[in-house]
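As recorded in TrEMBL, the features of this protein are as follows:
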- 174-213: region 'Disordered' (REGION)
- 224-265: repeat 'WD' (REPEAT)
- 287-311: repeat 'WD' (REPEAT)
- 321-362: repeat 'WD' (REPEAT)
- 404-445: repeat 'WD' (REPEAT)
- 446-496: repeat 'WD' (REPEAT)
- 497-538: repeat 'WD' (REPEAT)
Amino acid sequence: MTELAGASSSCCHRPAGTGAMQSVLHHFQRLRGREGGSHFISTSSPRGEAKMSITSDEVNFLVYRYLQESGFSHSAFTFGIESHISQSNINGTLVPPAALISILQKGLQYVEAEISINEDGTVFDGRPIESLSLIDAVMPDVVQTRQQAFREKLAQQQAAAAAASAAAAAAATTSASVSQQHPSKNREATVNGEENRAHSVNNHAKPMEIDGEVEIPSSKATVLRGHESEVFICAWNPVSDLLASGSGDSTARIWNLNENSNGGSTQLVLRHCIREGGHDVPSNKDVTSLDWNTNGTLLATGSYDGFARIWTEDGNLASTLGQHKGPIFALKWNRKGNYILSAGVDKTTIIWDAHTGEAKQQFPFHSAPALDVDWQNNTTFASCSTDMCIHVCRLGCDRPVKTFQGHTNEVNAIKWDPSGMLLASCSDDMTLKIWSMKQEVCIHDLQAHNKEIYTIKWSPTGPATSNPNSNIMLASASFDSTVRLWDIERGVCIHTLTKHQEPVYSVAFSPDGKYLASGSFDKCVHIWNTQSGNLVHSYRGTGGIFEVCWNARGDKVGASASDGSVCVLDLRK
């Protein structure tokens, strides 16, 4: 993702491409200077009245937060380690989302103000030329260049006005001629604009208007407040209306949304602590993954502090699982509920015994951080990594039983279909691939998205599901702001869903497979009819959406957001 995500809002979540921000990292690593150093940049006005200082720690922290909020989790982790973010005395809870974007916007406004003012302090009439981009603003002599261009423009206008005064009749004729020419130019610009929009759904200046008939009213939306930082993930309990959420404030929370709960929704706070000096202290690390077991009695969480934890449904810590040597990016219960699988930045995956909390087996097969895992059955799983490989491993085997290679960039997510026969994968290489254990190469290489594909989900339909008479589908969500629905048997795209304006981070099918929820950094949750591809419900929240999920009955959708909110949409009539 190369553009400034969320420039008009706060910014995002787990692994995405690491290459796009290398120049930014390089610049601020140079600014940081020696390891551990905290350098100061001081400036003052020409008369010396006002003075400000900028520490490299402050700059590093804003860049670190931008990387996190924009989804560059790997870059953020690496940058955080190299710049010693954890050793700074900055209170991150006081820094609002999108702080770097905000200060950049103010810097642009300052440069535009400079351009608008003459050396004698007078202000130019009108707006000087066109708006500035960030790159324009850092160019040498941008103020003088823009002012000179504006002066030339004014001179031309004054000359034209003088000519018009001297020859009023000619001016009138010229004016009529110009008025006839401009509509055609405007029509041409409009046609080109339509053509450009057909090729790029990202270039919208303002949020797309949503039909009032599909907009979810505020009376049907419950906004849950309590988290003090971004909420990266949420998941419904599979048997009751308990919604779990995980946040950058180093807590997970369990929200009780059952109809019989007293006083509306209540929350349990699951504080993630580590032992220091014989005491439990907050880890101050993001909670980035969580998963309920199949009977809804236990919740597993994974954190950037390197520990997985098991909690009871009433919020008590049951076990702490500690063998990873770095952040945990994903974790999953198996269907039987006796094992938990985790993936970490330490390049390994681990199967844990859920009853004892001990590691049953560690799988050190990836050559780079492991990003996602998914069980094929109770003892066999697949894992993917930034090393572009997918390994299928089995408990008790000391090497992968299968390795799939074919992606040319980081593999962000993998999912087995409900029957466990097909494995889908998506990547920063903008492709979606379908694999079978029966062959070495992919059976489908689906190329339609024009930016990174962030996540994928199979529909709960077809063989081995409770909806066997409905065809199975696969949904893919991309940084190109679109969601696509695929017919995997034919290897074709059925629907392209294009109402979002920013990267789409999450998709989820309803339990009957008839609807798909999507969440984007444009702050919108959209609900789509999977057969027609039509938008049937839409809700605009207060922060970029990281995750969407359906409850077991299929009448509520939960969504977690970048501003610390969790919203629950009631889709009952």
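Cβ from N, Cα, C; glycine included.
Per-residue pLDDT, averaged across the repeat 'WD' (404-445), gives 98. Residues 14-15, 73-74, 77, 285-286, 288-295, 298, 300-310, 368-375, 377-379, 381, 383, 385, 393, 395-396 of the same chain, all 6+ positions outside the repeat 'WD' (321-362), place their C-beta atoms under 8 angstroms from a C-beta of that stretch. With a threshold of 8 Å between CB atoms, the same-chain residues lying at least 6 positions outside the repeat 'WD' (287-311) that come near it are 13-14, 73, 77, 232-233, 235-240, 242, 244-248, 250-252, 254, 270, 272, 274, 317-322, 324-333, 335-337, 340, 342, 344, 352, 354, 357. For the repeat 'WD' (446-496), the DSSP-based tally of helix, strand and coil residues reads 0 helix, 22 strand, 29 coil. Secondary structure of the repeat 'WD' (404-445) per DSSP, as helix, strand and coil residue counts: 0 helix, 21 strand, 21 coil.
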